[in-house]
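Shown next, in structure tokens, is the structure this report addresses.
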């Protein structure tokens, strides 16, 4: 049968991959042998042309909109994840004798979100490849909104305690946050131009810094507003922590509509739905270009009459997944990105979710007998560290990633973080006795080089190095590996920090973090540089492999 044999104009689902090229009877009546000879080659060329339009497009409003829509989600993610760092000390003051949250409850509340994030990253990563990026995008924000409200409204009951309720709700918050990682990374990557892809993805991720900063700013505003009542009765901190948590719904509500209405990425339409007509139309619509008469036709009811598909394109499946990653050149990339993210998150979350402990160990935040001053200092300390380290680190990455490349930034970040953790760990007591300001500066520098380094690049690279049919799955696996590191860090930090006395084991923990930074440095050599290369070049898949269907 000819590749262009006429068929009846019936509606066909976009995901259908018929081994025949369906066309309207009005299109062409050239000799069947000619079409059989040239049809598949023509489809390959049309795919290349559509991809080239995406890769070489001028940077415009659509790219900015995509960054903003994805970035607001990461702002929300960071806010919801790290607000708990300021909330747990308040919970201890309000609900527990001695004003300190028991270590097992503190651990449960903090680690629940990381467990949920792991599940969300792996689950949404797989589903975005299976069902489509567009179909899943926005669902993760809806989960975050509902679970955030659930946290803020949690109370004590006969069946469940407040800490238990918070743990359950934070598990669901984590699932939503986890889903945001592969979806936002892959959607931004697949819409981006080749020479700005890294900067766009890094800018999306950099919104985490502003979310982290906003937790401190909102806490300061609330503490100032409730100062008199808190000094009179520390239990009035109950207002502060609930509003602080609940505020995280606002940016998510702003972004959810725009996520639900973002179009499917043309790469997904081309390589997974296998619909060349629709991909050409979507590219033309997004980048305001002429379709050259290749628009898909519709009947009076708006149903598609035809789908132009290439039967050669290999389909995603478990056996194909195993075939692809059984090759060392592909597996080493998955292993390298996963282990680098794992090593980073051991230190990043071990520190990030326990800033208040570290600040109190240098007498910066805790004021004995003054609940308001203790929480005020914790919020101010967090703001200082973020402004000195995290926010500048994120944005230096954004502005240098296309010049320096991903790998140089990741190597530099891991190396400097290793050195700084060694200094802080081995000279902890001397630095603390010499100058609180010096300790904070060194601590902020570790935050700077984690963010001008692996915290950004471990997010960017997995969104670039895998083929379209496994791009979201691969990113989800790498991100999930990072969250396993975060879980280990939080459990380890909680169990070890008071070994030998209150916060007595902090120097040794900082030394352990330095070791993980060295591990991240070493596995980075398994990862290819992605700067200036198309996603198809980076997939490690020649035409003979991709067109093996």
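Sequential numbering from 1, following the chain as shown.
The backbone N, Cα and C atoms fix where each Cβ goes, and this holds for glycine too.
The following features are taken from TrEMBL:
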- 66-531: domain 'Major facilitator superfamily (MFS) profile' (DOMAIN)
- 81-101: transmembrane segment (TRANSMEM)
- 107-127: transmembrane segment (TRANSMEM)
- 139-161: transmembrane segment (TRANSMEM)
- 167-187: transmembrane segment (TRANSMEM)
- 199-227: transmembrane segment (TRANSMEM)
- 239-258: transmembrane segment (TRANSMEM)
- 333-359: transmembrane segment (TRANSMEM)
- 379-399: transmembrane segment (TRANSMEM)
- 411-428: transmembrane segment (TRANSMEM)
- 434-453: transmembrane segment (TRANSMEM)
- 474-493: transmembrane segment (TRANSMEM)
- 505-527: transmembrane segment (TRANSMEM)
Exercise for review: Among 81-101, 107-127, 139-161, 379-399, point out the range having the most Cβ pairs under 8 angstroms from the transmembrane segment (434-453).
Suggested key: 379-399
**Study point:** For the transmembrane segment (239-258): best-contacting stretch of 139-161, 167-187, 199-227, by Cβ pairs under 8 Å
**Key:** 139-161
Review point. Going along the chain, which residues at least six beyond the ends of the transmembrane segment (167-187) come within the CB cut-off of under 8 Å?
Key: 66, 70, 73-74, 77, 80-81, 84, 108-109, 112-125, 128, 133, 136-137, 139-144, 146-148, 150-151, 154, 160, 201, 204, 262, 265, 459-460, 462-463, 471-473, 475-476, 479-480, 483
Review point. Do we see three or more Cβ pairs under 8 Å linking the transmembrane segment (199-227) and the transmembrane segment (81-101), pairs being at least 6 apart in sequence?
Key: yes
Revision key, fill the gap. Same-chain residues at least 6 beyond the ends of the transmembrane segment (379-399) with CB under 8 Å of its CB atoms are 85-86, 199, 202-203, 205-206, 208-210, 212-213, 215-217, 219-220, 223, 355-356, 359, 364-365, 409, 440-441, 443-453, 455-457
Revision key, fill the gap. For the transmembrane segment (139-161), the distant same-chain contacts (Cβ-Cβ under 8 Å, at least six residues beyond its ends) come to 73, 76-77, 80, 120, 124, 168-170, 172-173, 175-180, 183, 242-243, 245-246, 248-249, 252-253, 255-256, 259
